[in-house]
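*Asks:* Below is a structure I'd like to ask you about.
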């Protein structure tokens, strides 16, 4: 009986965690992160520190997204590749 109860508790915890967690890419190399509470979007946005038109991308969990033609803003797991 204790085993059944423990199994139910573990399954409940896992299901609750999976239902509320968004996973986003946070690096070009493919590292991922479970987003903190309140961060319900994944984003990939272009950053330009160069004066010749070159840019690089930043990947993150966010609550609001940057505007831009090269940017990706989405709300499903691993959508910001």
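Every residue, even glycine, has its Cβ placed from backbone N, Cα and C.
Swiss-Prot lists 24-42, 35-61, 65-73, 74-79 with the feature disulfide bond. The signal peptide annotation in Swiss-Prot covers 1-21, and the record cites sequence analysis as its basis.
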*Asks:* Measuring Cα to Cα, how many Å separate residue 73 (disulfide bond) from residue 42 (disulfide bond)?
*Replies:* 6
*Asks:* Closest to residue 74 (disulfide bond): which of the disulfide-bonded residues 35, 42, 61, 65, going by Cα position?
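*Replies:* Spatially nearest to residue 74 (disulfide bond) by Cα position is 42.
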*Asks:* How big is the gap, in Å, between the Cα of residue 35 (disulfide bond) and that of residue 79 (disulfide bond), rounded to a whole number?
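*Replies:* With distance taken Cα to Cα, residue 79 (disulfide bond) is 13 Å from residue 35 (disulfide bond).
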*Asks:* Show which residues of the chain containing residue 61 (disulfide bond), separated from it by at least 6 in sequence, have their CB under 8 Å from its CB.
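*Replies:* Long-range Cβ contacts: 22, 24, 26, 33, 35, 36, 39, 41, 42, 43.
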*Asks:* When DSSP is mapped onto helix/strand/coil, what comes out for residue 35 (disulfide bond)?
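*Replies:* The three-state answer is coil.
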*Asks:* Quick one: Cα separation, residue 65 (disulfide bond) versus residue 79 (disulfide bond), in Å?
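*Replies:* A Cα-Cα distance of 14 Å.
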